[in-house]
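*Asks:* The feature transmembrane segment is assigned by TrEMBL to A:12-32, A:44-63, A:84-109, A:115-137, A:144-166, A:192-209, A:221-241, A:273-292, A:304-321, A:333-355.
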Amino acid sequence: MLPLPPEKRQVSPFFVFYLITSAQIGMGILSLPRYIVKSAGQDAWIAIIITALSIHVILWMVYQILNKGTNDITVTHKELFGKWLGGLLSLALIVYLLLVAASTLRGYIEMIQVWIFPQLDTWYMALILSALVYVYVIGGFRVVVGICCLSFIFNFPLIVTLWFPLQDAQFSHLFPVFDHSAAEILSASKKMTLYFSGFETIFFFYPFIKNARSSQKWAQYGAAFTTFIYLAVTIISIMYFNKNQLIQTIWPTITLWKVVDFPFLERFEYLNLAIWLFNILPSTCLFIWAATRGIKQLFTVKQKHSLIVLLVIISVAAVLLKDREQIQQLNTMLSSVSFYVMYAYIPFVFFYQLIKSKVRKTL
Amino acid sequence: MKAFLFWSVFTLALLFGYSIETKILEDIQHISAIGYDYVDEHRMKGTAAAPFYPPGVDVQPLNAFFTGVGHNVLSILEKQQIQAQRKLATGRLQAFLISKELAKNGVDKLTDPLARSTAVGRDVHMAVVDGSAEELLTFTYPNAPTSAQYLSDFMEKTLKDIVPHPTTHAFLSQYDGFGQDPFLPILEKKEDHIRYKGLALFKDDQYAGALSNKDSYVFKLLYEKSKTGTYEIRFKNKKYISIENIRSKTEYKVSGSQDNPRVAIHVSMMGEVRDASSVVLKGDTLKEVEKEWSKEMTKRAEKIMKKFQELHVDPLGIGEKVRSHFRHFDKEAWKDHYPNVPVEFHMNVRIRNTGITE
């Protein structure tokens with residue numbers, strides 16, 4: 001039996017709200033409208049709602065799994081599937097989280113290379129970002145929660161700036177509603193899953209929440225808030241851009257910020273790109289923290305040591321992704337992986353646990 | 001102590017061990033306005049106005065222009081760069097001019113870098129120049145220190161009230177998308193001033209026709225909500241009355257079937273009489289003025305619409321409105337439908353007051 005974290009390492013349940021939103025909102029939102037409009041056109045917002053509803057159900061499943069267990073997912077895995085198979089599943093989940101972290105990190109570096117410094121070397125930026133992640137994660141879970149909380153405050157003004165593109169928006173772009181077939185909308189929904197990924201980290205930080213059972217409410221609110229942000233960005237992008245233009249624009253959300261014009265600041269998007277660091281940093285920190293925590297539970301390696309190894313691996317992975325095409329490939333791969341994690345793996349564990357406990361009762 | 005030493009060395013190494021090209025405001029020269037002229041089928045001539053600010057306190061900027069001939073915007077920029085004393089930057093570009101002759105040959109190759117570049121903003125004002133863009137840019141105007149400043153002020157302050165906002169974003173979005181054709185204001189250099197001449201209508205990326213100054217006023221009312229503009233009507237006995245628009249709203253109503261769509265444009269306007277020499281505006285006369293105003297506007301709007309349909313251009317975005325009305329819209333068929341679609345105008349006008357005299 002692995003020990004539970006002491007109370008002084010735990011955080012209040014409502015912090016789960018910040019953890020979920022900052023884990024989910026990362027690089028994805030910058031290119032989100034483009035991918036879903038490609039398949040569902042002006043009905044893309046319906047696809048977001050469909051995915052969001054399913055995410056709420058899956059989040060409920062995640063909590064059911066963890067509530068029945070006694071510690072985090074690694075312990076539950078071991079109880080359900082035995083030492084080896086359970087350990088393998090936990091390891092797969094850790095690798096998945098690391099890949100999401102690597103893709104986030106590389107995505108941010110790419111964005112800086114395209115928008116601000118074309119000459120910037122990937123390794124240089126990866127080094128700086130890894131050092132930042134190290135500083136936060138080494139402080140422990142409570143510090144990671146702190147940066148998640150701060151990022152929420154830093155990023156809130158960015159939502160307000162969506163008002164500027166709204167002035168040039170064309171309402172008619174949203175009509176007619178339901179112009180696309182169910183298959184098209186569902187394929188957009190499928191693409192959406194990667195953008196909602198990140199809440200899987202609950203599997204690892206669950207024991208660190210006080211009265212963890214009661215935190216489900218906050219987790220659901222967090223997912224709902226993410227949905228709201230995604231909806232706002234997508235609907236405004238659809239109204240602001242022409243469909244063809246939106247599909248060709250790589251980062252529609254940043255292009256939206258291009259119209260933001262203050263008397264004291266001509267080009268707002270550059271400031272935004274800098275602020276965006278506080279959007280990718282907490283999610284990367286959270287993913288890496290979850291990975292180190294998982295490794296500690298599996299192999300009893302000190303988090304301090306595994307952290308350095310993981311950061312090196314992630315930086316190397318980021319440097320190895322040379323151009324846009326490779327980044328795109330990683331994202332496409334991750335997109336289908338996260339689809340299976342959410343809609344196959346989590347329900348599988350949920351039902352397996354349910355059946356197993358039923359069987360045990362009847363015996 | 002060891003950790004402190006490590007982080008100090010780490011930070012110092014990162015700060016000083018790596019250099020990246022910087023753009024410092026004092027070391028670069030901003031292009032404020034840029035204009036393109038037609039040379040031959042494949043080449044064009046670009047003129048960049050990049051005012052130079054000499055060092056010192058309270059100095060006037062010096063007019064500086066760089067021209068180059070090339071196939072596309074970037075190769076021209078390279079040629080402009082080799083004449084400039086500092087690195088040219090496009091981050092603060094405010095006006096983008098295209099000569100009418102070039103516009104007639106298509107502006108496709110001009111707009112691509114505007115959409116692609118991270119540096120150029122989305123709210124750069126665009127315009128078509130009747131005549132030579134180079135001449136308009138390089139002339140020394142008596143009412144502004146630099147031509148670029150005159151131009152950007154003119155586009156931002158004056159044109160704003162006369163035409164729908166002619167920004168890059170609007171142009172690109174109309175040009176790329178379905179259901180609307182782009183339009184841009186036409187400027188010309190008349191004696192020693194810049195003058196607004198009318199509205200250039202584009203079909204795809206080519207200049208197809210123009211609206212006169214007075215027509216473009218009605219166009220703005222049909223196109224968007226507006227709170228500006230003065231319109232002159234001819235009243236009985238050749239008396240002229242000027243009415244200022246206080247606020248107007250426009251609404252498009254689509255009816256009929258997809259193969260047989262009908263469009264009705266409802267404009268409601270509220271005005272104030274500003275100039276009515278030797279007409280007493282009371283009771284019935286006021287009603288008559290309203291009627292006359294509405295009649296003239298409808299007549300003009302119908303004339304404009306007829307022109308659009310004859311030219312096969314759709315700057316009002318009627319295609320987009322019709323598309324948003326019908327499910328599974330056939331975009332190809334619409335192109336054939338458009339010239340024959342019946343468009344009705346309903347002008348609902350009201351004169352709110354007549355100034356401080358009757």
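Each residue, glycine too, has its Cβ placed from N, Cα and C.
Since this is a predicted model, take the numbers as computed values, not measurements.
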*Asks:* Please indicate, using numbers and ranges, the residues of the same chain that are 6 or more beyond the transmembrane segment (A:273-292) and have a C-beta under 8 Å from a C-beta there.
*Replies:* 19, 22-27, 30, 94, 97-98, 100-101, 104-105, 107-108, 111-112, 115-116, 129, 132-133, 136-137, 141, 144, 147-148, 150-151, 154-155, 158, 198, 201, 203-205, 254, 303, 306-307, 310-311, 314
*Asks:* Could you tell me what the rest of the chain brings near the transmembrane segment (A:333-355), counting residues at least six beyond its ends with Cβ under 8 Å?
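*Replies:* That would be 54-55, 58, 61-62, 64-65, 68-69, 76, 80, 93, 96, 99-100, 103, 190-191, 193-194, 196-197, 200.
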*Asks:* Below 8 Å between Cβ atoms, which of the listed ranges A:12-32, A:84-109, A:144-166, A:304-321 makes the most pairs with the transmembrane segment (A:221-241)?
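*Replies:* So the stretch in question is A:12-32.
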*Asks:* Under 8 Å between C-beta atoms and at least six residues away from its ends: which parts of the chain pack against the transmembrane segment (A:44-63)?
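*Replies:* Distant Cβ neighbours of the transmembrane segment (A:44-63) are 33, 36-37, 174, 177-178, 185-186, 188-189, 191-193, 196, 199-200, 202-203, 213, 216, 219-220, 223-224, 226-227, 230-231, 234-235, 238, 342-343, 346-347, 350.
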*Asks:* Same-chain Cβ contacts of the transmembrane segment (A:12-32) under 8 Å, 6 or more residues past its ends?
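*Replies:* Residues 103-104, 107-108, 111, 145, 148-149, 151-152, 155, 192, 194-199, 201-202, 205, 209-212, 214-215, 217-219, 221-223, 225-226, 229-230, 233-234, 250-254, 276, 279-280, 282-283, 286-287 contact the transmembrane segment (A:12-32) from elsewhere in the chain.
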*Asks:* Apart from its near flanks, which chain residues at least 6 from the ends of the transmembrane segment (A:304-321) lie with a Cβ under 8 angstroms of it?
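*Replies:* For the transmembrane segment (A:304-321), the list is 98, 101-102, 105-106, 109, 122-123, 126-127, 130, 133-134, 137-138, 288, 291-292, 295-296, 327, 330.
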*Asks:* Near the transmembrane segment (A:192-209), which same-chain residues lie under 8 Å Cβ to Cβ, leaving out any that are not at least 6 residues past its ends?
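*Replies:* Answer is 4-5, 9-13, 15-16, 19-20, 23-24, 26, 28-29, 32, 36, 47-48, 51-52, 55, 59, 62-63, 66, 71-74, 93, 96-97, 100, 141, 215, 219, 222-223, 226, 230, 283, 286-287, 289-290, 293-294, 331, 334-335, 338-339, 341-343, 346.
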